[in-house]
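Shown next, in structure tokens, is the structure this report addresses.
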Ligand code: IPE
Ligand code: IPE
Ligand code: MG
């Protein structure tokens, strides 16, 4: 129906959900209406990814830099986040989804943090898709906190600098329990990473859709995934090497 090979789906799909504000402004609506519509898209895409059998879905919902937006927009976004998380827990439980958050949670308002913790706790035993929201997340900040923690562990004798490798470094990141993304989608036509998962995206396949997030549909998702399935991931090797190995 969707023309996808379910054996070749990305294990981890990450999405930069962008274009809510422009979607609203193009319709002479307030930006927050765009964010509300964006939440509808989140529901559709989360459900579809879970149905398709994607193991990890990570959504960039609020960046460390988004705190710089007007106070009214930040406040409305935080209220929307709390409402979404509280409303979705029961659907997550039904769909066997485990909820997870990456980012600087200390910066979130306490009521949002409580809703986050409650959703994490209640879905902790679920074994299906892992849904990670990046909240107050910035990749450089993540790398710095990892460096600080490593320095502390080295001075306390818990970490031998000579033993530091990619795997050990990764274990200090917020994403320690999830594999690197195989595929990244950014909506709204912007072609940048905006401080998202800088370390983890090293070999991720990138896809940019011109559609604003409120209008990103199942069909758009399928088209993106078909594109992913047409790619050859070489990880530095030659194409011939890959053909010989299969
Ligand atoms: C993405 O939409 C949602 C967040 C960043 C919170 P935007 O709000 O960035 O929408 P545009 O980019 O202004 O259109
Ligand atoms: C990135 O979108 C953050 C999220 C999608 C949450 P932005 O709209 O904030 O990115 P920039 O600042 O335009 O690059
Ligand atoms: Mg934007």
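Including glycine, each Cβ sits where the backbone N, Cα and C put it.
Here the structure is a predicted model, which means the values were calculated and not measured.
What TrEMBL records for 18 is active site. Sequence annotations record features per position, and here TrEMBL assigns active site, proton acceptor to 66. The feature Mg(2+) binding site is assigned by TrEMBL to 18, 205. Sequence annotations record features per position, and here TrEMBL assigns substrate binding site to 19-23, 31, 35, 63-65, 67, 69, 186, 192-194.
Summary: among the binding-site residues (64, 193), the fewest other C-beta atoms within 10 A of the C-beta are counted at 193. Long-range Cβ neighbours of residue 23 (substrate binding site) (same chain, at least 6 residues apart, Cβ-Cβ under 8 Å): 34, 37, 38, 212, 213, 214, 215. Among the recorded positions 18, 19, 21, 67, 193, residues whose Cβ is positioned under 6 Å from ligand 1 are identified as 18, 19, 21. Residue 19 (substrate binding site): 24 other CB atoms within 10 A of its CB, across all protein chains. Contacts of residue 66 (active site, proton acceptor) defined by a Cβ separation under 8 A and a same-chain sequence distance of 6+ are given as 74, 77, 136, in order along the sequence.
Less than 6 Å separates the Cβ from ligand 3 in the case of 18, drawn from the recorded positions 18, 66, 67, 186 in sequence order.
In this structure, 18, 66 are the recorded positions from 18, 21, 23, 35, 66, 67 whose C-beta falls under 6 Å of some atom of ligand 2. Long-range Cβ proximity for residue 21 (substrate binding site), meaning a same-chain Cβ under 8 A and a gap of 6 or more residues, is found for 31, 34, 35. In the three-state DSSP reading, residue 66 (active site, proton acceptor) counts as helix. Between the alpha carbons (Cα) of residue 19 (substrate binding site) and residue 205 (Mg(2+) binding site) lies a span of roughly 21 Å. Look at residue 21 (substrate binding site): DSSP puts it in a helix.
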